[in-house]
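What follows is one structure encoded as structure tokens, with my remarks underneath.
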Amino acid sequence: MDNLANQGVIVLAAGGTGGHLFPAEALAHELRARGWDVHLATDARAQRFVGAFAQDHVHVIRSATIAGRNPVALLKTFWSLWQGNLDSRKLFRRLKPKLVVGFGGYPTLPPLYAASNMGIPTLIHEQNAVMGRANKGLAGRVKAIAGGFLPENSGAYAAKTVITGNPVRSPVLVAAATPYTPAGKDDRFRLLVFGGSQGAQFFSQAIPAAVALLPEHERARLLITQQARKEDEASARQAYEKLGVPADVAPFFNDMPARMADAHFVIARSGASTVSEITVIGRPAMLVPFPHALDHDQAANAAALAAAGGAEVVRQADLSPQRLAEMLQSAMNEPERLEQQAKAAKSVGKPDAARLLADLAEAIASGKTVQEFKEGNRP
């Protein structure tokens, strides 16, 4: 523990979903290896995702999501954010962090505003190809911006933006060592259906309906792993049982990276963490962006991977059970195409993103500017 005292404290602030917390966890692992004492500021939703942090290093900060125009609701929201600001100031006075890093989501607003007002260096990481609302609100205040899928050298804050990629957790890096082996035309075909950390109700209905339309000899090849919301779990499992298709259905899989490495084909939403893990592990995918995302960030993430040849992108509105069955059957019978797609996906993966982000974090914590960091990292 002596080296922790030498380096000091860094606080990571992240909204309480896997998309925000998984990259924070990956950065925490890298920073700890460099001798930093890493704490997490988050909201009450985060409990199932924070196993990588010691309990006394997880701090729940009061917050709320800004939504709608109801004046009473807005007043309550801003009151919660103000209380979160007080929570954050109290925490920072005790921990004396050398840096606060935000990973998006409204729960990051109180810690990042408090830190910038207290003169603590700040950095935000934007996982998506389009900046989210919380990060947009912070971009003008922070010392540096790190990007996962943000376009290089674009936007009003290009001068203080560094493209690091999205940090992925250690199990993803382990899974990335498993090469992609296409299924032969008579082999079992392992399908992974993944709706992101919060699940996807659409997949729980559409995938079983599509599988039911496949010819019997194609159904007999399938082995399915599907993440489903708790309220959809039983119905999805029963649908596969009626079809005689082996399926492992659950709301959450702790070993998702290993399951992705084992898959021949992935059908998924296109949140930044999901797309990053697909590219680092290198698996062919059909991406169905969440259609109601306020900033259309999932569509932009999916487009970035599709442009590299690493995925097919289909709008949910266009994905009838019939079309889904046709696309699934095509994937099952074109192993060469899937192998090329897997190679293309892996070619754009950034397995060293955690190292790059940690380098930037240490530079900002030491008082360097982004310009100085960029000059020091030129080949």
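Glycine is no exception: its Cβ is also placed from the backbone N, Cα and C atoms.
Remember, predicted model here, so these are calculated numbers, not experimental data.
Quick look at what Swiss-Prot annotates:
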type    : residues                                            : note
BINDING : Thr17, Gly18, Gly19, Asn128, Arg169, Ser197, Gln298 : UDP-N-acetyl-alpha-D-glucosamine binding site
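Secondary structure at Gln298 (UDP-N-acetyl-alpha-D-glucosamine binding site), taken from DSSP and collapsed to helix, strand or coil, is helix. Its Cβ taken as reference, Gly19 (UDP-N-acetyl-alpha-D-glucosamine binding site) is surrounded by 27 other Cβ atoms within 10 Å in the chains shown.
The candidate set comprises the binding-site residues Thr17, Asn128. Of these, Asn128 has the most other Cβ atoms within 10 Å. Its Cβ taken as reference, Gly18 (UDP-N-acetyl-alpha-D-glucosamine binding site) is surrounded by 21 other Cβ atoms within 10 Å in the chains shown.
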